[in-house]
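K.L.:
Per Swiss-Prot, the feature ATP binding site maps to Lys17, Ser176, Asp177, Thr217, Gly218, Gly219, Met220, Thr221, Ser222, Lys223; the stated evidence is sequence analysis. As annotated by Swiss-Prot, substrate binding site applies to Ser57, Asp144, Asn156, with the evidence given as sequence analysis. As annotated by Swiss-Prot, domain 'PUA' applies to 279-357, with the evidence given as sequence analysis.
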Amino acid sequence: MTAHRDAIRTARSLVVKVGTNALTTPAGVFDAGRLAGLADAIEARMKAGTDVVIVSSGAIAAGIEPLGLSRRPRDLATKQAAASVGQVALVNSWSAAFARYGRTVGQVLLSAHDISMRAQHTNAQRTLDRLRALHAVAIVNENDTVATNEIRFGDNDRLSALVAHLVGAEALVLLSDIDGLYDSDPRKTKGAKFIPEVTGAEDLAGVVAGPGSDLGTGGMTSKMSSALLAADAGVPVLLAAAADAASALTDASVGTVFAARPVRMSARRFWVRYAAEAAGALTLDEGAVRAVVHQRRSLLPAGITAVSGRFYAGDVVELRGPDAVPVARGVVAYDATELATMMGRSTSELPGELRRPAVHADDLVAV
C-alpha cells in the first residue's frame, strides 16, 4: 500500500460524500436499503475511532416517486419542489440507519452563498464542529430549495471538497457508481485504462471525463475537479464505488487515490482561492503579474491598469494579467470607486491614508 492510500486508511477525520447513484436502484428509485448499507460501512469506520461527516446527495431523486414524477425534473422550480419533499425522506433514512447504532444525526443544508460569504462560512464551520463535539453525525447537503440558479455543486462533489477543508478533515472519500478514475469512460470504451493513483497533472494527461447521469449531476469531470481541489488544499482523496464502501473505508485498497499537497492550505487562503465569490476584477500590467505571482509580493495601485465590478474593501477580487487570464485572487483593501482613482499611480503620489497595498501579500493566492 502506498503512503497516499495509507493517509486515507489512517485518517482520524473523514468527509464521506455519497452520490445520488449510490442511493438509487438501476431504475432510478431511491433505495433506503442501499443507504442503510452505506451507513453500516460508515459506522464501522466511526466505531474504529474516526470522526465522519457525511455529504449526501439524493434529495431530488428521493422526491421523484412521492410527487408522482416519471423522471428527474429539468426545470429549477420542479427540482426545488422534489428536493423539498425528498430531503425529508433522505434525512429520515439516514436517521433511521444510524439509530440502529444509537447515533443521532443532524441535518446541515448549505448554499453556495453560505460557503462564499466569510461570516456564513465561519458559522457553518462552528455548527459542524459543535455537532461533532456532541457526537452527532452531520448530514450535509446543498440547500436546493433556495438556490437561485441551476444546481451548481456538481452533485455535491465540489461541496464535499469545500466541507472537507471547512471541518479540517484529514481525508475525503467520494462514493458513487464509479469505481475509480479511467482515461476514458469504461462503460463506453473497451480497454479503458484504470488510473490507481494521481500524484500530479502528468497522471491526468489524455484523460477524457464525461458528464453526469440523468439522476445525478456529478459526472467524472465534476469528481476529478473536486478531488483535485481538495488535494491541492492538502486533503487526500479516494474515489471509489459505493459497492466497495466497506473496503474503501476500512483499508482504502480500492478506487483511485489523489495525493495531497505536502503543506495544507490555511483556512483563509483556501476560502480566498476556492470558496469566496469574486466581487470584481483588477487587470494588472506585466510587472505587477511578476511581483504578485512569482515574487509573492503585495499588489500596489501602480500595477493596476483597469478596475471592473462593484466591490468594497474586504471583498475578494480576481486579478488578471494583460491578456485577461486570471492569475490570482485576493482580498482588496479599497472600494472599486476609490481604487479607480488610484490605479497606475505611484505610492508616493498618493495621500498617506491611501498608501496601503491594494491587495496585501498575506491576502493573495495565485491560481
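Along the chain as shown, the residues are counted starting at 1.
Cβ from N, Cα, C; glycine included.
Describe the structural context of these features.
P.N.:
In this view, Lys17 (ATP binding site) is surrounded by 30 other Cβ atoms within 10 Å of its Cβ, with every protein chain counted. Under DSSP, Lys17 (ATP binding site) is assigned to a strand (E or B) in the three-state scheme.
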K.L.:
Around Asp144 (substrate binding site), how many other CB atoms lie within 10 A of its CB?
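P.N.:
Excluding its own Cβ, the number within 10 Å is 23.
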K.L.:
By DSSP, how many residues in the domain 'PUA' (279-357) are helix, how many strand, and how many coil?
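P.N.:
Helix (H, G, I), strand (E, B), coil: 25 helix, 24 strand, 30 coil.
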K.L.:
Would you list, in sequence order, the binding-site residues among Ser57, Asp144, Asn156 whose CA lies within 10 Å of the CA of Ser222 (ATP binding site)?
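P.N.:
Correct set: Asn156.
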